[in-house]
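In what follows, a structure is listed as structure tokens, so that the remarks can point back to it.
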Amino acid sequence: MTLQVLRRSLADQRTGLVLLLVLLVVVFGSLIPTFFDDRFVVFPLLRDVATLTVVGLAQLAVLSIGHLNIAVGRMAAFGAMFMGLAYEQWHLPLYAGLVIGVAAGAAIGALTGLIITSSGVNSFVVTLAMDFALLGFVSLVYSELTTSAAFTTKPAGMQELRTFSLADVCVGPVCGTSAIPQLAIFAVLAMLAVGYLYSRARTGREMLMVGSNAVAAELSGIPVDRRIVGAHALSGGLAALAGFMLAVTSGSFTATIGSEFMLPSFLGPVLGGTLLTGGAVSIIGTFLGTSLTQVIRQGLTMLGASVQSLSISLGIILLAALSLDRVRQVISERKAVRR
Amino acid sequence: MRPFAKRTRLCAVAVGLLAVTVGCTTRGSDAGQSAAGPDKKDVSSVKVAFVPGGPHPYFQPWKAAADQVKADFKVGGTVFDETSQWDQAKQNSALNSLASQGYNAMGIFGVSPTDINSTFTDLKAKGITVASLGSCPAGDKDEADFCLSTDVGEAAYKAAKTAIEAMNGTGKLVHLTGNNVDANTQRRIAGVQKAVDETGGKVSILTTIPDIDKDLQTAQKAVADLLSAQGNQIQGIVTTAYNPAVAAAAGVKSAGLPIKVVAIDDDATILAGIKDGSVAATIAQNPTGQAYVGGWALAQLATGACTMATPGTTVDSGSFVITKTNVDTYDTERKAKTTQLTEQFKSSVLKCS
């Protein structure tokens, strides 16, 4: 029984990721004495992991139905733009602006889903077109409404959200760790909500069925079009949340928010076991995949890798991680056949 | 969800809880670990990092200047780190990594002028001496100890004035520049506009083309399109970004049009263009002076030997008009400016005991 459990655990892609992650942390930790410095390394690293995990979840939402969202970064910029407008022009408090921005992101996502379902055009093409349209629109709004191409008004609480950690959360005399940023709470809440959707809620299950086989789902009475629109709306809303987290981390709401989101949005989910073809998602895997890439980047940067060798090494290690996973899968499948 | 997801989830939650509880502190245990006090330190305890926004030819002189700072001022170490890849989040990560390696003084070219003040505030709160080099934050406030940079608006104004002069004070001018959603680009656009406004309508801006400094190919395409569509109407081109400058110089030369081009920076291609007459002038900046003088001032501040007379002061590192007449001698002028900058820092920018 124990052996069976162990074998099954090893066959899980996420187990491989956890082992690789632990190995890398041990290797980098022994090579770099300051790798566990909570102020300069762990806190900023976890803040980035939190933001990119939400970006990964945004992509995961559309991957679940077998679609892609090329405009994930620009949807983040679109949502963040509304948050900036809410703070600078409408003088709203922090969380009211966040709600407006996430709603705007969800709306643009839903519109994208509607275009896909009504036109029947591939999601890649539609989101690519949406990316271009939003690029122009967001830049236009910033250049028309601001002089420095950014909304720089900081509502009360934004500064604290950027710098506060769990050490600022105390129960009596005992406080949390200074290594975990408070911003990570947003990522945890997003993971719990998305996790609940796909593992417990009927809507999420239906989205996965649409991703597995849209025709079969349609014949089973699932409202396929509505699920497609819903998945894209979820993707847009999560992208906007990630835009908010990046703006809080950086300090202002700019048009360039999200411009670096596209690659990490795929890396996290795909490394974590989410299928590009739809039908299977992994929320924990997305977090692990994102953590893996960020730990590699952090470790290599601290080892003094140049910008070129950083990109090459990152590419090779990720390729190796994916290949090793495949090798492990094949070996476990062969063993299973022999038995 | 896959089989065994529940077990993996449980493991992840357990590991997470363990991490949180292991790191728990008791309130007040961090007290007294604030930023370094005003005690004077030896200069060898100062390690200076020079961090540009990303790889760009403009910053290459910073490398040699960083070595020079180490040799001349006997600081503990210097490093030139260009891994920011023009992304503010990546730059913040690079800065934190450097801080963890003991770099306690930093000269930074912020990727995002509207965000960099937050980064400066964070670093200063952790006891690091910070200078804004090559670009100042957007707005009126600078959270760094000082900003030593080309006044980009002034440099663009000088470039446009030079172009207008080369056009004999009349005609249509085109402005080629970089990222439109960047506060510095807006300053450049305003600088060019100011010079054009001073002509009282004799010179007008035909078009301003932004977002073409991403790479040389993008700039070359934009210049080729511009010259083929409107080449005959243009009397002058002023460029305030590196790639458009190189592309405009080569494009106008190969098209054989009588357009006066004023470039930016002193790249070998542009200097060759000035010598053969295809480029009317260029505006050189002073990156070496920024890193050398900035590195020295950072070391003085980090040791506690000096303090800022006015924190957040902006100092212009200089911009120089290069034409055929001074193409071989402008570097002397630039070195003189660097010497003058050092004197300026000693006499008025810093307050030394």
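Cβ from N, Cα, C; glycine included.
Which of A:128-150, A:266-288 counts as transmembrane segment depends on TrEMBL, and there it is A:266-288. Within its own chain, the transmembrane segment (A:233-254) is flanked in space by residues 47-48, 50-52, 54-55, 57-59, 61-62, 69, 72-73, 75-84, 87, 98, 101-110, 112-113, 142, 149-152, 154, 158, 161-162, 183, 186-187, 190, 194, 197, 261, which lie at least six positions past its ends and keep a Cβ under 8 Å from the stretch. Where the transmembrane segment (A:16-36) meets the stretches A:179-199, A:266-288, A:300-324, the count of C-beta pairs under 8 angstroms peaks at A:300-324. Sequence-distant neighbours of the transmembrane segment (A:179-199) (same chain, 6+ residues past either end, Cβ-Cβ under 8 Å): 38, 42-43, 46-47, 49-51, 53-54, 57, 60-61, 64, 160-162, 164-166, 168-169, 205, 207-208, 234, 238, 241, 244-245, 248-249, 281, 283-284, 286-287. Remote same-chain partners of the transmembrane segment (A:266-288), defined as residues 6 or more beyond its termini with a Cβ less than 8 Å from a stretch Cβ, comprise 13-14, 17-18, 21, 49, 52-53, 55-57, 59-60, 63-68, 187, 191, 194-195, 198, 208-213, 318, 321-322.
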